[in-house]
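> One structure coming up, written as structure tokens, with questions to follow.
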Amino acid sequence: MERHVLPTVADENPFAVPLAIVRVCSPAVICLATVSLFFSLPERLAASEPCPIGSTVTILLLRVAFTFLLEGLIEIVFAIVSGVWQPCVGCESAALLGIAGCLALCVVGRQKEKDGEEVWTLSRVRCALSFAAILDLTQVLLWVLSINEREVGDICHDNRRGACMSESLHLWVPAVRVMMFGPLLVLLSLVHISCGPTEDQLGGESGERERLLEDAHSCTADMRMRGCKLNLVIFCYVSNEGG
């Protein structure tokens with residue numbers, strides 16, 4: 001029985017290690033942003049109901065999570081078809097981190113929003129998703145550079161069954177994810193505008209505070225007047241008793 005020695009991915013592709021690092025760092029940033037929500041001070045919303053844009057943000061995050069799941073399934077199917085688990089690609093770690101980070105961000109964000117806390121307007125969430133989108137775009141560029149480095153006619157690194165399809169999907173799935181990050185970041189920038197306190201709400205709150213202050217002043221004046229009347233009655237009573 002002949003033993004086939006499979007060359008490492010780093011030997012075949014000089015961009016393999018940077019690709020693995022970028023691929024894992026992208027979902028890791030989302031996980032860190034989600035974990036940071038547990039240690040943030042609550043910021044109350046002006047409105048008691050959840051922001052309607054928050055539902056759209058959640059849907060887009062679920063689609064981003066699906067792309068991470070799809071990328072992990074591609075690697076599993078390719079390993080089953082070829083019979084060899086390809087090392088040093090980071091797809092399995094990236095898939096697990098991406099699914100966990102996006103789903104946890106959806107659950108924590110919606111729960112905190114129902115509790116009246118501001119989540120989608122936090123700068124850490126927007127910065128984390130923006131950085132993840134930049135890393136995915138970098139991943140696509142590295143894939144393109146790795147393809148350009150190959151010789152003419154050399155489409156894949158090896159001749160294993162499904163290798164070409166696997167590499168093509170690993171290129172297109174992050175590209176699709178970058179296109180999903182675009183509207184997601186636009187929505188996050190619009191959340192503060194559409195769900196923040198309006199001028200009418202601010203005016204109503206200030207008017208209510210003024211009415212409360214007026215009621216407090218009138219109540220204080222009324223209590224002082226009653227106190228003066230009581231003192232006058234006591235004085236008259238004492239004067240009559242003394243006379």
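Cβ atoms are placed via backbone N, Cα and C, with glycine included.
Quick paste from TrEMBL:
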type: TRANSMEM; residues: 20-41; note: transmembrane segment
type: TRANSMEM; residues: 53-78; note: transmembrane segment
type: TRANSMEM; residues: 84-108; note: transmembrane segment
type: TRANSMEM; residues: 128-145; note: transmembrane segment
type: TRANSMEM; residues: 171-191; note: transmembrane segment
> Do the transmembrane segment (84-108) and the transmembrane segment (20-41) come together with 3 or more C-beta pairs under 8 Å, pairs six or more apart in sequence?
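Answer yes, regions in contact.
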> Sort out for me which stretch, of 53-78, 128-145, 171-191, has the most Cβ pairs below 8 angstroms to the transmembrane segment (20-41).
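When the Cβ pairs under 8 Å are tallied, 128-145 comes out ahead.
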> Which residues, given as numbers and ranges, are at least 6 beyond the ends of the transmembrane segment (128-145) yet have a Cβ under 8 Å from it?
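For the transmembrane segment (128-145), the nonlocal Cβ contacts are 15, 18-19, 22-23, 25-27, 29-30, 32-33, 167, 170-171, 174-175, 177-178, 181-182, 184-185, 188.
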